[in-house]
Amino acid sequence: MIIQGAPLGMQWRQHHASGHHAQLTQALLIVVTTIVAAVSLLWTVLTGFAEPRAALAFGVLIALGELARIALPGQREVAPIASAGAIGYTFLLTAGGETVHHQAWQVVAVVAMGMVLGELPHITVGRPPRWGDLARRLFIIEILANAFRPLAASLDPRDTHWWPGLGIMALLVVAVWLIDSVIAGAIRAERLRTPLRVAFRDEIRAQIAIGMAIGASGVLIALAGSVMGIAALLVFTAPLLVTQIAFRRFAEIRLTYLQTVRSLSRVTEVGGYVETGHSRRVSRLAHAIGCELAMRESEVLELEYAALMHDIGQLSLRDPIPSGATVLAPPREQRRIAELGAAVIRETGVLDNVAELVRRQCDPYDETTDSPPPLGSRIIKVANAFDDLVGESTDRDRIEAVVQRLRMDSGSEYDPRVVNALARVLERERTDGERTGQFRIVP
Amino acid sequence: MQTLPAVARLYVCLVCLGATVTMLLGPYTGIDPRRLVLLAVLFVIAESISTMVDSGKTGISPSSSASLAAVVLVGPVGAAIVGFSSCLVLRRQGAVKRLFNGAQFALAGYAGGHAFQLLGGGRGVPDPDSFPWIVLPFTVATLVHTVVNALLVAGLMWCLGVVRFQRPRKVRWRPLATLELSSIGYGMLGLFIAAIWNAVGAFAVLLVLLPLFIARWAFDQYVAEQRAHDATLATLCQAVETKDYYTRGHCVRVSKASVMIAEELGLHAERVHTIRYAGMLHDVGKLGVPTKVLQKPGKLTEEEFAAIQLHPMRGFEIVREIGFLDEALEGIMHHHERMDGRGYPMGLAGKEIPEFARIISVADAFDCMTSTRSYRNARSVEEAFAELRRGSGPQFDPEMVDALIRAVGRDGWTTPDVVEPPDDDVAEVAQQDHDDPSAPLRVAGEKE
């Protein structure tokens, strides 16, 4: 029994996720958040807890919410119930008719303790949180608490009406959400080496729905807790729980989809049509170039699918072309493979954009034509040619020579922007590799 | 209305009449009209964002929270009016369906309201002091509302002949229970909406509905993504099959037959879902077998036979990273094992062979025999059954064979159309099929 090929994608994912780039923003965020939390906790312990029952109830809710955290597509970790509970505790004005007096540092202390307690079981079973995301969740509460709690006394609902309070809460939630998106965008931009504005837009798009649900539930919990007392906060977590389940299922199926396409892209390798690992190396390289060229997250995903399946048309060939290197095949043959592959993908009825990228993957780049191939196709063309010519080799001279060859052909065959981006990606991997004692990230 | 059977027409008329009478009789004294209108608007919004499950036949909607809030805030007659406003739902719906839905919600609200008042729930925004005892009459009201709603709808379904009294095992309890539980859950929210009504009015309901609306959106995304995934999986499996013209559609049919067996055996819904994928993917490793071996007309050499025997392992290799498959992986790897232990790749015997593999093995052989191959025509379903029965015991698990025969006997089986391969070099035909139990592969040096 022979089992060939290690799970390539996994290795690379971990490698990539561990991030040996300098992630300054994230490190800074974690340090600041931890210091503020530690000081708040110390201060609260020294001065004592105001209304300990409410603090305990919210702390438990936050811990449970943190325990039930989920991962959204794009490696985004969220804990909607914990965040909503924290917002609710920040905005709590009265509990069952009695005014509450807790100050900002107590809010931070309770939220931080709840989060730590909720994370402990995860850490013991070896599923540590994404520290940057965890720090962000706490950081926005630190901002929110310091902005709102000083005003709380003047917003007592028994003196004034609810509306001014609600207006301030809504404004603060929106402001904090924007700050959060900026920070998340900065971390993402550093991780993926993509421009900040693109990463910011991606974060806004990815988090707007769940963010609205969290914000609305947080305000609702504060209102309900004020009118009905602490018992009510469990009830009003229910709508958010439904939301969380829906998002979780979506994230799971999105991941499964990617795994399916990744796995099935290997049938061309098992069939001997292309070299082992070719599809994945091309897709990894295309992903990096796509980020470098400021493509949106959704476009990068389509690019990744197209790159994984770019050789699927070869399945229709009677005999594999030698070593599967399409770059060496005659142009007519290349075009036929692309057309056949696109036909297969279009058959799904849901991946028309991906099919278009695959169909035009071998069109030469010519600035003067009316309809140049889409950027994704141009990226696949370059990444595919590079991998066909270099293969698994990590020889620096060979890589250098291949990039030179692609440069010579750029303008008539390859898009010069894409070739330059490829050179930058390779250069960065080389310097990163030197730092970690490895030349090229072997996928 | 013309298309409905007479019984159903009578039934709809009766329900509508009942609703009209309750709403006409009143009494309307003491109901704040502004509050009533606001609740009705909320009910319509909630009903409009309901999530369709079961491919659009039934829906989970947060509207019961608005309806139950009406029970507390405006009493039985008010709740009936709020329920009736369901006629105005913002969705494509026939007039009769609108009318019936409105009427049945009105009756359910009316019944719930009376239950609430009978147990001393009162009317209007509940006093903070009335907690927690008010929860008791409210729970009863929620239950009454849910039961009346379910009964009225079930009655219509029965009149339409959609639902018959079936063996209890055949009724799918789980989705039904999920539906009713979620409806009760949403109903309970109604009380709390009523409780904070004074503080912020309808705004509270919007805050409750916003997460639910987003949940519905996310759920829609999930369903769309699931469909996309299934379509992509099926297409990619079929792309693998284009190698041999005659096996086109094989994976889809094996998947279908495996699901039929699994459902007949009463497997859990999630396992049935998984076996659908397993059946689809079972031969994906065939691509690792060189084309010339698959198409060889004569006897195979030992090496060539070994190459064919490797295909389940190759399939396993390809798909093992797909996280959700778990049990399906075993099914793919062992689908050519035989009950007597003479199969491949491991030579497992009897119950050592995973259940999924035993199911797929039968489905695989059945589809192979009932479709045309280049070297023979398709056999009839009966002939295939006879062949399966012959192999039942040494090759196939008798339990699975019986299950397939029962399921096909009841639901029928569409054999694929006879395919004529086109005369180009793309379509290729194999001269033998490793799946065919009636014509086993001939290996050189083996006794015939």
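From the backbone N, Cα and C atoms, a Cβ is placed for every residue, glycine too.
The feature domain 'HD-GYP' is assigned by TrEMBL to B:225-420.
Taking the domain 'HD' (B:247-369) as a whole, pLDDT averages 85 in the prediction. The domain 'HD' annotation in TrEMBL covers B:247-369.
Feature annotation from TrEMBL assigns region 'Disordered' to B:428-448.
What TrEMBL lists as transmembrane segment is B:6-24 (among others).
Marked as transmembrane segment by TrEMBL: B:36-53 (among others).
Taken from TrEMBL, the feature transmembrane segment applies to B:65-90 (among others).
Annotation comment: TrEMBL describes B:102-119 (among others) as transmembrane segment.
What TrEMBL records for B:131-163 (among others) is transmembrane segment. Tertiary proximity for the transmembrane segment (B:131-163) is limited to same-chain residues at least six positions away from its ends with a CB under 8 Å from its CB atoms, namely 4-5, 7-8, 11-12, 15, 64, 67-68, 71-72, 100, 104-105, 107-109, 111-113, 115-116, 118-121, 180, 183-184, 187-188, 190-191, 195.
Positions annotated as transmembrane segment by TrEMBL: B:175-196 (among others). Long-range contacts of the transmembrane segment (B:175-196) within the same chain: residues 53-54, 58, 60-73, 125-126, 128, 131, 134-135, 138-139, 142-143, 145-146, 149-150, 204-205, 208, each at least 6 residues beyond the stretch ends and with a Cβ under 8 Å from a Cβ of the stretch.
Long-range neighbours of the transmembrane segment (B:6-24) within the same chain, counting only residues 6 or more positions beyond its ends whose Cβ lies under 8 Å from a Cβ of the stretch, are 76-77, 80-81, 84, 96, 99-100, 102-104, 106-107, 110, 152, 155-156, 159-160. Long-range contacts of the transmembrane segment (B:102-119) within the same chain, counting only residues at least 6 positions beyond its ends with a Cβ under 8 Å from a Cβ of the stretch, are 12, 15-16, 18-20, 22-23, 63, 67-68, 70-72, 75-87, 136-138, 140-142, 144-146, 148-149, 152-153. When Cβ-Cβ distances below 8 Å are used as the criterion, the transmembrane segment (B:65-90) is approached by residues 19, 22-23, 25-28, 30-32, 35-36, 39-44, 46-48, 98-99, 101-114, 116-117, 121, 123-126, 138, 141-142, 145, 186-191, 193-194, 197, 205, 208 of the same chain, each at least six residues removed from its ends.
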